[in-house]
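Per TrEMBL, these features apply:
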TRANSMEM  37-57  transmembrane segment
TRANSMEM  77-96  transmembrane segment
TRANSMEM  105-124  transmembrane segment
TRANSMEM  139-159  transmembrane segment
TRANSMEM  171-194  transmembrane segment
TRANSMEM  214-237  transmembrane segment
TRANSMEM  273-293  transmembrane segment
TRANSMEM  305-324  transmembrane segment
TRANSMEM  336-357  transmembrane segment
TRANSMEM  369-397  transmembrane segment
Amino acid sequence: MKRRRTDDVREFEDNEKGQELDVHMHKGSTDRDRGNIALLMFLYILQGIPLGLAGSIPMILQQRNVSYKDQATFSLSFWPFSIKILWAPFVDALYLKSMGRRKSWLVPAQYLIGIFMLILSANIDNLLGLESSKSPDVIIITTIFFALNFLAATQDIAVDGWALTILSRENVGWASTCNSVGQTAGYFLGYVVFLALESKDFCVNYLGQTESLVTLSGFLFFWGIVFCVTTTAVWLFKHEKDVKEDVDDPTFGLIETYKVLSKTFNMKVMRELIIILLTCKIGFAAADSLTVLKLTENGVPKDKLALLSIPLTPIQIFLPLYISRYTSGPKPLTPFVFGYSFRLIFGLVFAGLVWMTPSFKLGDGSYPLHYYCIIVVVYLLHQVTVNCMFVGIMAFFARISDSSVGGTYMTLLNTFTNLGGNWPSWVALRFVSEMTWKSCTGVPDVISCNSEENKLACEGGGGKCNVDIDGYYIESVTLVAVGLLWMQWGLPAINKLQNLPLSVWKVMQRGD
């Protein structure tokens, strides 16, 4: 089976291969691969576009006053990249020889993304309720973006495999660079650029326009055309090498790949590690999934929050390079252990930031510059803890992975890492409303606004619903406490696992 690098693993490999890149560049000229490098970069940019758009939808939904249950529902649309190991073997093993191993999946996936975007562009305003007073159709929106992310994940598998054969041997180090830079740029276009240009306030105040420059429907239509046109060009004019076997990895058929997955999963140490991966991020769920939505709920403009990610981007690129120097050797999880407790504390810091946000609001409803500076500083320090954990766990995966089973081992570990973040976030979004207490003022017969029926009765009678206890703060404190309890078991368990000999992590023993 061809080597597949998942989104998290690729970012780690970018860091590890930073020094190797110079070696590749000196060993051979990139002149003959310049076109292939440009193609890979563009394909990864395309992959990031639907991911960025999906990332912007929760902020649009928040402005449409959808419930947090609906936000939890939409969060399911991000799951395909976390579970793509389920169908990755099909992408590796099944293809049409006449089209090529990777183009057999790349071309249909990108065409379908383009078609989805074109159809969605004509219906998105209606689905979001932008043209009327009706509520957004969250179920359909979630289904559509789940499908888009499924197709993007499939394209990711195909491009990852193609990247290792489309480049010459001396320039193959450019593959991870194209992935990291391209996908980040695509996400930036679909998230930051879209939210900024879609914001009337930003376009009027900063670009000298009278209206917003783009709409969601227009943005989708444009990129739908781009997907269809460029996919046609790749299909017709870019030929794929007929490579029978990857020189670095063993080649498994479809059945053999699933057998390897089953054997890996049945290892005792692997099951212990999976339990850790599925539970270690519970303490961060409220901070990770709710903070930005709560800031938007308090009136912080979504375009401003998106633009704040710009100064954080260089940090996210260079910080892992610095942390990686502490992950070499027999204890790569040292940064993970160091960053865990500090990241837990930020759960309370974020809650404090949200609580203080209304006090910064000016008379015209805007926020001063120093407030946004505070947000940048808080998120910058938070990124240090996030990267300490991320780089540490990825270094540990690279150390224990059994190279005899190719990329399957790493893909399995990465799957449970992503799931360990997804399911607590869904729970935090799903139940925050149940932990929120709202009372009614102005209507004597209505006391509570906790149910939709009581809310309508209160507002219909001329009253006002007030939040007395916000479930976000309850979840923040409770989950941080759960995280502190987890540390008593989890951190010693992590130290035990990283002290085990590498032989216990081997799947394919001699004679297999």
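Every residue, even glycine, has its Cβ placed from backbone N, Cα and C.
Note that the coordinates shown come from a computational prediction; the quantities given were computed from them, not determined experimentally.
Contact between the transmembrane segment (37-57) and the transmembrane segment (105-124) is supported by 3 or more Cβ pairs under 8 Å, counting only residues 6 or more apart in sequence.
For the transmembrane segment (77-96), the partner stretch with the highest count of Cβ pairs under 8 angstroms, out of 105-124, 139-159, 273-293, 336-357, 369-397, is 139-159.
Of the recorded ranges 105-124, 214-237, 273-293, 336-357, the transmembrane segment (139-159) has the largest number of C-beta contacts under 8 angstroms with 105-124.
Long-range neighbours of the transmembrane segment (214-237) within the same chain, counting only residues 6 or more positions beyond its ends whose Cβ lies under 8 Å from a Cβ of the stretch, are 39, 42-43, 46, 49, 53, 60, 99, 103, 106-107, 110-111, 113-118, 120-122, 124-125, 128, 130, 194, 197-198.
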